[in-house]
Amino acid sequence: MPELPEVETCLRGIEPYLAGQTIQQIVIRTPKLRWPISAELCAMSGAKILALSRRAKYLIIHTERGDILVHLGMSGSLTLLNSSQPTKASKHDHVDLITEAGIILRYNDPRKFGAWLWAKQAENYPLITKLGPEPLSDTFTSDYLFKKSRNKTVAVKNFIMNNDIVVGVGNIYASESLFMAGVHPELAAQNLTEKQCVQLRNVIQAVLTKAIIQGGTTLKDFTQPDGKPGYFAQVLQVYGRKGEECRECGTLIQAKVIGQRNSYFCPDCQPLPK
């Protein structure tokens, strides 16, 4: 599943080509993905793209006629093409945003769990207003994390993956961050110390920043808009490495289902207090 670094990578890849352009048309081949594609998108011809941004895992295309919200879902990807070199759409190519300059932003999604939505203002859209702070923002502090964790009996891995607490810390990066902080994924969030919250906040930011620099993580479906894979998978410490030796201590990496998601950890580097 594309997570925050992958969406940020998409944003940085397509923004130089789309910002300031005028939409010629939006071709919708599949009327329903996770939700029905907003009918307003069919009336975007002639709208100027003012800017692009990201909120959590939503890519937002700001136009003079409202905002287009794109979510990649489980298997979605965006590719930049040029109409001067037409490429036939595959059965999984559901949406094309075409500019008057001939640039095509093509959305591919084999599992159709993504979304193309419209809002007058993205920041007021219900799916956006309930989100927690961005993990790379100044509002995501260790003090905030510590206060939010009080009286939370849920496992810390589920806690940091909760978008009401902080957005964008998906399964891969939660496992990696907890390893870097030396925190067992099953530790109850309320048992986090202030020192651990400082460490956890710092490593979440470090892990996500590094993943963005590496272009995200390619495990199966994700590719960058230019077709290249993300390279963060090459430096994963624990995720997907069950039975392999920990790069720090040599202990075998373990895996356990926590909150219906596979979680990876080193039992020695991340001991669970008794």
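Every residue, even glycine, has its Cβ placed from backbone N, Cα and C.
As recorded in Swiss-Prot, the features of this protein are as follows:
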- PRO2: active site, schiff-base intermediate with DNA (ACT_SITE)
- GLU3: active site, proton donor (ACT_SITE)
- LYS57: active site, proton donor (ACT_SITE)
- HIS92, ARG111, LYS152: DNA binding site (BINDING)
- 237-271: zinc finger (ZN_FING)
- ARG261: active site, proton donor (ACT_SITE)
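For the recorded positions LYS57, HIS92, ARG111, LYS152, ARG261, the ranking by surrounding Cβ atoms (within 10 Å, all protein chains) places LYS57 first.
Long-range contacts of the zinc finger (237-271) within the same chain: residues 154-155, 157-158, 161, 171-172, 174-176, 178-180, 182-186, 219, each at least 6 residues beyond the stretch ends and with a Cβ under 8 Å from a Cβ of the stretch. Cα proximity to the residue listed as 'active site, schiff-base intermediate with DNA' (within 10 Å) is found for none of the recorded positions ARG111, LYS152, ARG261.
Broken down by DSSP into helix, strand and coil, the zinc finger (237-271) contains 0 helix, 12 strand, 23 coil. Among the recorded positions GLU3, HIS92, ARG111, LYS152, ARG261, the residue whose Cα lies closest in space to that of LYS57 (active site, proton donor) is GLU3.
Of all residue pairs in HIS92, ARG111, LYS152, the annotated binders of DNA, the farthest apart have Cα atoms separated by 41 Å. Distance noted between the C-alpha atoms of GLU3 (active site, proton donor) and ARG261 (active site, proton donor) is 15 Å. Between the alpha carbons (Cα) of HIS92 (DNA binding site) and ARG261 (active site, proton donor) lies a span of roughly 26 Å. Summarised as a single figure, the pLDDT of the zinc finger (237-271) averages 96.
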